[in-house]
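Presented below is the structure to which this report refers.
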Amino acid sequence: MSLAELICPAGTPAALRTAVDAGADAVYCGFQDATNARNFPGLNFTPEELEEAVAYAHARGAKVLLALNTYPPAGKVDLWRQAADSGARFGVDAFIVADMGVADYIARNHPGVRLHLSVQAAASSPEAIRYYAQHFGVKRVVLPRILTIPEIRKIRQEIPCEIETFIFGNHGLMVEGRCSLTNYLTGQSTNMDGVCSPASEVEYIRDEATGTMSSCLGGFTIDRFGPEEKAGYPTICKGRYTAPHRPEGYYAFEEPVSLNLSRLLPDLIGAGVHAFKIEGRQRSKAYVRSVVSAFRRAVDDIRAGRAANIEDLVALTEGQKQTQGAFETKKWR
Amino acid sequence: MTVEHGATLPPRPPGAGALARLASSMAQPILGRIARRVAARHASLFARLGAHQNTDYVIDPVELPFALHLRPDPQALLFRAVPRDALPAAGATIRGRFLMLLELLDAEVDGDAAFFSRDLEITGDTEAVVRLRNALDDVDGSIAEEAAAMFGPPGRAILGHLRRKYSDDAMPRGE
Amino acid sequence: MAVTDMTKLTLGPIAYHWSGEERRDFYARIADEAPVDEVYLGEVICSKRAPFHEADLPDTIERLERAGKTVIVSSLAEVMLARERKATADLAEMDSPEIELNNAAGLFARGKRPHRVGPFLNAYNEATIAWMAGQGATHVTLPAELPRAAIAVAAGAARDLGLGVELQVFGRAPLAVSARCYHARAHGRTKDNCQFVCEQDPDGMPLATRDDHPILRVNGIQTQSESYVDLLPEAGEISAMGVTHLRLMPQAVDMVEVAWAFRDVLDGACTVADADARLRALCGATGLSNGFYFGTAGYRRIEAAAPA
């Protein structure tokens with residue numbers, strides 16, 4: 001199983017079991033704290049739950065990757081070190097890291113555990129990737145969702161480690177690990193606290209007279225949806241704003257839309273991509289079951305030399321719309 | 001609380017008056033039993049609720065004659081039917097069609113997808129809703145089936161009937 | 001005030017697409033009149049803009065150095081395309097002046113030769129700073145969103161390692177970068193076909209919510225805060241924590257006078273209240289914020305009694 005591994009999200013132990021049972025080659029997850037970038041209320045794993053999850057996955061031939069992919073603020077690094085120590089004790093198969101201090105700690109203290117470079121590290125060139133491979137022994141890089149397939153192919157030829165790309169889910173617009181938009185409006189940081197548009201700061205306000213719904217973050221109106229319009233996450237980069245020459249309001253960054261590269265899987269494999277990542281630790285078991293099952297079938301078909309029959313996954317996508325984003329064409333930029 | 005409805009949600013009965021009160025009182029003992037049973041069998045979900053164990057949730061199935069009031073406090077669990085003119089001050093309100101809410105409960109449908117499609121409405125404390133959703137999502141198996149099974153074959157028959165009745169106009173499905 | 005009058009003021013790299021003429025005039029005035037000790041040059045945001053002012057760079061460096069300023073050349077924050085990789089590699093070969101790296105590609109090319117770590121390299125904590133120091137970093141600019149308690153720990157650690165420590169104290173906060181150009185998008189174009197429309201907005205393109213609250217600024221691939229960060233009232237405390245350099249980001253206001261407001265406070269030449277009043281007058285209608293420093297929403301302005 002070295003080619004086209006399917007890397008699947010798990011926000012809860014039940015979701016992890018669902019992903020494993022649906023055919024995940026590996027599941028990624030995190031603790032219930034700021035050490036990972038999906039530090040959402042009610043989500044993630046206690047140490048005991050992670051230990052059991054590793055046993056469940058390993059018994060069925062699946063790997064567990066622990067996300068430690070946030071940036072510890074000075075004075076709080078110990079929380080990340082302890083998380084790494086726990087993960088190593090439970091036998092996780094890899095750590096997904098972004099911060100150089102965290103990477104250095106793991107490389108020195110847990111040299112037997114693989115290091116994967118998180119998308120939060122924003123390594124988008126062969127040189128940047130080689131920096132992490134050279135110094136921390138990073139075995140795999142999760143590429144930012146900003147590269148075309150020919151660009152990925154070129155990078156693959158110039159780096160000494162595996163490539164993992166996102167194939168489905170939330171379509172990040174900003175360079176991950178370099179975005180403080182949420183902190184600017186809420187006081188909670190994506191990099192340091194692992195939150196993006198935290199639910200505690202989100203409010204939906206419905207205007208009874210018109211049927212419009214406003215989604216608000218930190219008291220700011222990020223978007224307004226007409227009664228028939230599909231909605232999206234209340235994230236700043238998917239909001240509608242006005243500019244001096246756009247008084248009508250427009251999606252200044254991106255529309256509510258999800259990434260779906262199901263049709264590009266053969267091309268990605270051809271470009272040398274080693275692992276396919278499905279986004280969505282914050283999503284439900286229903287999402288995990290449907291998306292993982294669909295991509296399991298597709299990847300198996302492609303590997304067996306059959307034409308993949310890609311199901312229409314659009315109902316699960318944000319704004320009920322999907323895109324191939326930067327992977328398809330430079331014009332996305 | 002108003003009786004207005006979103007454009008993508010169907011009209012609803014007024015949910016007030018004598019009929020609503022009668023329906024609520026008939027549903028009450030059943031709801032209490034269901035809640036106690038689920039709480040006993042899935043104690044771990046309370047940990048995921050954190051401080052929202054004390055939040056008053058109003059679950060509003062738009063086509064039923066009453067709404068549901070949930071306070072998931074393990075020490076004093078509350079799950080009751082309430083006429084819409086007697087709703088408590090809600091920390092968070094979750095509104096949608098009954099079967100979709102049932103499917104959300106069982107993680108058969110994805111809550112985010114239902115929200116994107118505007119079939120699910122959330123007002124009040126969004127974090128409370130997210131916590132409840134994540135807590136319920138970590139429960140293995142079907143809470144609806146468990147509840148139905150408590151009432152033997154008639155319970156299962158009612159659930160089956162409900163699912164058939166709604167399946168024609170069901171929401172975008174998770175699978 | 002022994003600590004603060006040794007604190008250096010720096011002028012960060014121009015984030016916007018100012019014309020060659022505007023830049024020449026700007027730096028001539030900085031050289032002659034601004035009480036800043038160090039000036040960062042170079043294009044950090046968009047590699048397409050770099051050719052417009054590369055030719056002027058040697059003259060600008062010479063002009064500033066003649067005026068007694070230390071000059072540092074900053075590298076691109078985002079490195080993906082061939083021209084960005086080449087620009088970064090070329091910069092990393094420079095021996096003089098000093099260089100500031102904003103991307104790990106630059107760290108790779110630089111090896112252990114001395115360099116400064118820029119604000120886009122995510123030096124959030126003492127472990128990372130220690131790692132970077134071991135790899136040749138001489139100076140580190142902390143992320144703009146770092147709160148006070150973390151700044152204190154990070155600055156202490158950096159100082160113990162013999163590094164300079166810098167923090168942005170004025171100007172729009174850098175909030176995000178993207179592969180996509182939002183200036184081009186706003187005008188129905190793509191990045192490859194942008195026609196340098198960002199030149200129209202020397203202080204960024206304002207975005208407001210649909211209920212008319214100004215909230216963000218677009219600067220090409222970068223998203224910035226609507227408000228100017230203003231840590232003038234906190235400058236004394238920041239210096240006392242061990243931050244050695246205070247960074248002023250160039251905005252479309254009188255930057256010479258902005259620099260004087262900070263210098264006067266650091267030198268004890270005027271009260272914080274007077275200097276802050278001058279700064280507010282210089283910034284016109286633009287909001288001033290210090291929320292990140294106080295660990296709250298970045299756009300907020302916390303009125304705290306500043307220590308003398």
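Cβ atoms are placed via backbone N, Cα and C, with glycine included.
Bear in mind that TrEMBL entries carry predicted annotations, made automatically and left uncurated.
Remember, it's a predicted structure, so these values are computed and weren't measured experimentally.
Copied over from TrEMBL:
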BINDING   C:CYS46, C:CYS181, C:CYS194, C:CYS198  [4Fe-4S] cluster binding site
Tertiary neighbours of C:CYS194 ([4Fe-4S] cluster binding site) (same chain, Cβ under 8 Å, six or more apart): C:LYS48, C:CYS181, C:HIS183, C:ALA184, C:GLY220
Chain-internal residues near C:CYS198 ([4Fe-4S] cluster binding site), provided their CB is under 8 angstroms and they sit 6+ positions away: C:TYR16, C:HIS17, C:CYS46, C:ARG49, C:CYS181, C:HIS183, C:MET205, C:ASN219, C:GLY220
Surrounding CB atoms that lie within 10 Å of the CB of C:CYS181 ([4Fe-4S] cluster binding site), all protein chains: 26
Shell of the [4Fe-4S] cluster site beyond C:CYS46, C:CYS181, C:CYS194, C:CYS198, same chain only (C-beta within 8 angstroms of their C-beta centre): C:HIS17, C:LYS48, C:ARG49, C:HIS183, C:ALA184, C:LYS191, C:PHE196, C:VAL197, C:GLY220, C:ILE221
Chain A neighbours, filtered from binding-site residues C:CYS46, C:CYS181, C:CYS194, C:CYS198, Cβ-Cβ distance under 8 Å: C:CYS181
